[in-house]
Every structure is written in C-alpha cells, then in structure tokens.
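Peer 1: Below is one structure. I have some questions about it.
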Amino acid sequence: MHSTSPLSTSSSIHTRANSHAPENTHTSDIPANPTKHTFAFRLRPHCSRITAAVSRAIIAATSDWKRIWLVLAICWLWVPATLLAAFGADIYSQAREFAWARNQWTGVDQPYIGFFSFVPMDIYPTAHYMWPDQPTYLTDQHNIVLTVFYGGALAISRYLTGSNDAGLAVLAFLQWLFAGFCCASAANRFFNLPWLTRRSRSKDHRSMPADSSLITSTATTISTRITPYAGTPAGACARALIMLVFICCPLVLFATISLTKSPLFAFAFTWWFGLMYELYMTYAPRVKTSPILRTEVLPTRHITIAALVVSVSVMLISAKYAWYILLAQVVFSLLADRRRWKLYLGTLLLPTILIHGSIAALIASGTIISGDPIESRGIQIQMIARVAHENPNAIPQDARDKLAPIFNLDQTAQAYRPQDADPVKSSGIQSKKVSYRWRSVTPEDMDNFNKAWLEIVRADPRTAFDGLFAKSYGYFDIFDPPYVPMSYYIDNDYVQQTNTWIKYYDHGWRTKVADSARGWSSIPVLGWFTHGNCYVIFTLLIGAGELVLRRWRALSWHMPLLLMMGVMITAPANNFERHMLPIVFVFGFLCLMFHRDTLRRLDLPAIPTSQH
C-alpha cells in the first residue's frame, strides 16, 4: 500500500489534468486563423534578423569619428549645395570694419569726421567715449579674431571676384566641414568610448573575462574594484536617436552654414563637451581606506590634450562670454577632479588667459575698440523701458536726472519692444530712434546707471519685472515660438536681396526650405523638436534629476549649460534660437550620460571601509 499510494495519487492528478488538456489546447493553443498564425510565426525570425542587421549597420556606421563624419557629410551635403550660405547683418559689419581698417593700414587718412559722422561703430552702437584718440575702426563687438578672419576672407573675395559672395560661400563651406568634425568627434566619444581601446590592449585587460561588465573600468584605474562600471559603448537605438537629431533637426542643418558667431561657438562647444566627457569617464577617485584599493591614474591621451586647447581657443574667439564659462569650469573641475589640476590649468585656464589677455591688451593700447558695456545691460534697460512705456509717472525725478545723459526716456518709451532690447539701445543704421545717447554719454554718466535703475525698480517693481520676464521667458516656455528662428538666416533680405549673385542661386528653393521649417515649427507638439527652448527645458529637468540624485560630479561637468542659460537671459532678445544651439547640440549626449551614470550607480558594489 505504501508503495502504490504515491503512484495512485500521481496517476489521479495526471488523469485530471489530461482530462482538460484537449479542451484547453483547443481554446488557447489552436488559433482561429491557422494561416495567420503560421505567417506571424514565420515572420518573427525574419524581423529579428532584419532588426539585428540594422543594429549592426548603425553601430558599424558610427564605430569611429571618421565614419560618423562621413554619415553627417552625406546627409548634410544638400545644405551647402543648395543653400550655399546663411548670414545676417553681422558679417557685413565685420567686412565693413575690416575694409576701413585696411584703408588705414595702406595709408588712407580716415578721421572720425566730426560729431555727427556715422561710422561702423555707430551701428551697434559703441559709445564715443570708448573710441581712442587715434582713429581706429576695428572693434571687439563681433569678436576681433572673427572680424579679421571674416573681413579678410571677404576682402580677398572682392579682390578676386568683385563681390563678397564667393567669400561667403567659402566661409560657409569651411564652417560646414568644421561642424561635421565637431559633432563626429563628440559622438565618437559618447558612442564608442575610444579611450578604452588603449587599456583594452594591455596585459591587465587580456586577463579579464571576455564577457565581463567591468571591462570599461580599466580605462581609469588599475583596480577594477574602485570603478566597476565606467560605461559600455552605446547601443544602436541610442546612436540612431542622437544621429537623427543631427541629421533632421533644422536647428542643426541651418547652423552648419550660418555665419553668425553663435553656431561656430556651439559646434566648438560640442567638440569640447565630448572631450570633457572623456575626462569625466576616466576620473579616478582617491581611496585612502586600504592600500589594496589604491588607484593609478592613466595619463590623458595626447590627442585629447591638443583637442582641448584647440576647442577652447575656437570658443574664445567666437563668443565673448566664453571666458566666463571657461573660468567657472576650471573652478568646478578642480573641485571635482583635483588629481588632474595641471591638465585643467594648462588646457582651460592658460588659453583663456592668453587669448582674452591679448584682446584686453589690444583694447588698452587703442589698437581696437571694446564693445559697449550697454550690450550686457539688456535686462536693466528693458526694465527701465517697460516702466517708461507703461507707467512713466512712476519714474522718480532723481532717476530721470541720472538717466538723462544716458537715455532719452521719451524715445526709450517709443522704441520699447517687449522681446528685443536692440531698439532701446539704438542698434541699427542711421534711420533709428536715438534712445541711447551713445554720442554724448560719458563714463561718469554711466556710473549713475545702476542707481537710477534701482530707484525705478523700487518705484514700480511689478512693471519693471514684467519687462524682465517679457525679455527672457521664451527661453523657458515650450509653447512660445522663437522670436528669431534659425530659418531667418536662410531667407532674410541680406541673403535674398542685398548681395551680388547668391540671391539668384536657388532663390525659390531657399524660400521653400525656410517656409517648410517654419511650418514644421508651428505644428503642436511635433514642432517642439525644432524649438531650442524644448531642449533647454529638458536639460533643466536632467539637471534637477542630478541634483535630486546628488550626482555632484556630473553637475560640476554640466555647469556650463546652466551658465549659458544665464547668457540667454542677458541676451538682447527673447527666445533667440542661435543662443540655444550649444544646448541643442549636446542634449542627446547629456541624456546618454545620465543613463550611463544611472547604470554605474546600479552596478556599483560597496567599497569596503577600514575597520576601526
């Protein structure tokens, strides 16, 4: 009985199960349409093979910077081929400055010609008290190095062809090449982690298991117990999404040929951002708890050091605010990675001192003219102009007296535009309102500016802060359309009307491209992909996530993005898309970095502490 009882019990169980088996099989396993089921069953492995093949193709096409550059060049080729160049008023001002300066260098006498003359410095304008006694016409308004380079190129073009147009096309093509290289270099570092190759060939690496997830940690330290997860090469999906932005987004496409300073800075910043990511990922912490866990920092690659110097130099010559960002980053980098202090001082601080110091010396010697400080007071003048426009009676008499030598408040009120400070500071050609008294203002008058501004804010804070928000809210409002989109530089009058032959080259096509971009931009939700403020907002959310997760070192590497948002707020115009380009270009890389940091923390085992 004892020997048969288990068998009988088991038999009864199987019998009960089998009694329902045919019915269950009929209802769940046999489909209502056998042909459809068979087709889906056969199609599944084909789809898997196709997906795997596509993934391999994407990874192969983005496996190094040269291939990425080639992909971008092929996908971007239509831009310089059909649009030639994109530009605005700035490059003509640079050409004019260089032409006047060249005349002086060749012996032409060009005095300032009296009080009511109108010279290039009157366009921006630059206050006359900043002009040297010895006439000079080169300014740092548009960055002196770019002014000389662009102006010289256009002068050569006029000499060889009789017009600026060939020079504009060549400059745009050179920027297109540089843009592709910068994006490819940054993408390669984020996608492929190329610094791992050197370490993977070492003896220590060959001793590790082939499928070890700790493989990347050896790029940083000798002991894999310190940084067990330093990232793995990006998957096909991440690569495809990031490349899709670079290939399809109008902000990127138009920026490649746009000769307006900001795109050049944005592409150099993208290159630099990738280089800084290599330093971030090869960080080795000091561990004092045990001699076993001592780490040895591998030297930074020579190509990375050279690239850092070049990228920093391009940033400095293309944007005047770059030196603020770089100095701040030196401080943050030293706090986060003190072991490589010589590297940060040599590649970030030294070029900044040399380039910015050289420009400051040229200004001090009277060789060039500095930009007017009123340019950096856009917030203040918009707050004053808002009160003058909306509630002039609120302005105290003392503030009026202090501002009288600086601004004509009646003209200020008439010139006020909520989203643009340029009319208030009298930017433009001769036919403009003289709100800013740039011809007669003195340094002593400017000393009272902050005091007058503060009095007006105290008198009517609500209206004053309305002026601040009206000038800057669009950078952080995803529903606000761009005030000046990148498409403006494709079909504005400078491109379509006031040149020699570029205006005849695919004139109608250029208009269609710009209209298509504006049409896409106006589509709800889908159009956000083409708005710079969309990327700004999501970058802020990622920064908030890093703050909540206490990723202090990652935040120290991302502080330049926050500083650039401060630059946007102080910019003359609201929701000016070219000021947001650096954040647009690196946003995909930022998401990938956040994801890798999350995996690093999930995979990080506890480090043993010393026993007391």
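From the backbone N, Cα and C atoms, a Cβ is placed for every residue, glycine too.
Got these off TrEMBL a minute ago, pasting:
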COMPBIAS  1-12  compositional bias 'Low complexity'
COMPBIAS  13-30  compositional bias 'Polar residues'
REGION    1-33  region 'Disordered'
TRANSMEM  68-92  transmembrane segment
TRANSMEM  112-131  transmembrane segment
TRANSMEM  143-160  transmembrane segment
TRANSMEM  166-187  transmembrane segment
TRANSMEM  238-257  transmembrane segment
TRANSMEM  264-283  transmembrane segment
TRANSMEM  303-336  transmembrane segment
TRANSMEM  343-364  transmembrane segment
TRANSMEM  525-543  transmembrane segment
TRANSMEM  555-573  transmembrane segment
TRANSMEM  579-595  transmembrane segment
Peer 1: Tell me if the transmembrane segment (303-336) touches the transmembrane segment (343-364). I count contact as 3 or more CB pairs below 8 A, with pairs 6 or more residues apart.
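Peer 2: By the criterion, they touch.
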Peer 1: Do the transmembrane segment (525-543) and the transmembrane segment (579-595) share at least 3 Cβ pairs under 8 Å, sequence separation 6 or more?
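Peer 2: These two stretches do touch.
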Peer 1: Run the contact check on the transmembrane segment (264-283) against the transmembrane segment (166-187): 3 or more C-beta pairs under 8 Å, excluding pairs closer than 6 in sequence.
Peer 2: yes
Peer 1: Could you give the residue numbers and ranges of same-chain residues that sit at least 6 residues beyond the transmembrane segment (166-187) on either side and whose C-beta is under 8 angstroms from one of its C-beta atoms?
Peer 2: 62, 65-66, 68-69, 72-73, 76, 79-80, 84-87, 91, 150, 153-158, 160, 239, 242-243, 246, 252, 255-259, 263-264, 267-268, 270-271, 273-275, 277, 307, 311, 499, 502, 585-586, 589
Peer 1: Could you tell me what the rest of the chain brings near the transmembrane segment (143-160), counting residues at least six beyond its ends with Cβ under 8 Å?
Peer 2: 91, 94-95, 97-99, 101-102, 166-168, 170-171, 259, 261, 264, 317-320, 359, 362, 368
